[in-house]
Amino acid sequence: MPASSAFFTGDAPQEGRRLHIVLFEPEIPQNTGNIARTCAVVGATLHLVEPMGFRLTERNLKRAGCDYWDEVDVVRHSCAEEFLERHAGCELHFFTGHTQRLYTDVEYGAGGADAYLVFGRESRGIDPSILDAHQDACVRIPMRDGLRSLNLSNAVAVGAYEVVRQWQELR
């Protein structure tokens with residue numbers, strides 16, 4: 001199991017502006033492992049919002065995230081409502097195909113705020129009621145018409161590296 005005490009509960013340490021990747025109800029451990037690896041590389045906190053489609057066991061983690069789990073601050077949340085309540089007033093960006101605003105049209109972390117990139121489950125995305133309640137915070141990654149979506153871990157990488165680009169980090 002990862003050594004980080006933030007892995008199962010609690011808050012990740014905060015030092016200045018920070019990127020947060022939020023997964024609402026992830027279903028595929030391999031995607032979550034790949035996303036954890038991306039978080040490790042860019043220094044982002046990973047928020048896992050339950051219920052998840054897999055159990056966080058040592059065997060699943062090793063399979064899905066290789067040896068990167070010890071390098072990631074992971075915070076678990078019991079449900080989407082708990083996450084949203086706890087982070088009311090934070091800079092949240094909901095990635096969805098159901099909006100016109102492009103992810104590149106956003107200034108992430110404006111005024112030094114943390115940026116939270118929120119992604120939905122692989123099969124259905126973010127619950128429509130949540131998207132309706134946060135219409136002004138929805139963004140999309142452009143794609144060809146007629147195709148459903150990118151793989152979740154690829155979408156997270158696209159969003160994360162836009163923040164890295166804007167913040168001029170990792171140079």
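Cβ atoms here come from the backbone N, Cα and C positions, even for glycine.
Note that this is a predicted model, so its numbers are computed, not measured.
Summarising the annotation, TrEMBL assigns domain 'tRNA/rRNA methyltransferase SpoU type' to 19-161.
Counting only residues at least six positions away in the same chain, the Cβ atoms of PHE95, LEU102, TYR103, LEU150, ALA155, VAL158, GLY159 sit under 8 Å from the Cβ of ILE141 (S-adenosyl-L-methionine binding site). Residues annotated as S-adenosyl-L-methionine binding site in TrEMBL: GLY120, ILE141, SER149.
Neighbour counts of Cβ atoms within 10 Å were compared for the binding-site residues GLY120, SER149, and the top value is held by GLY120. Using the Cβ center of GLY120, ILE141, SER149 for S-adenosyl-L-methionine, the list of other same-chain residues with Cβ within 8 Å runs, in sequence order, PHE95, THR96, GLY97, PHE119, GLY125, ARG140, LEU150, LEU152, ALA155.
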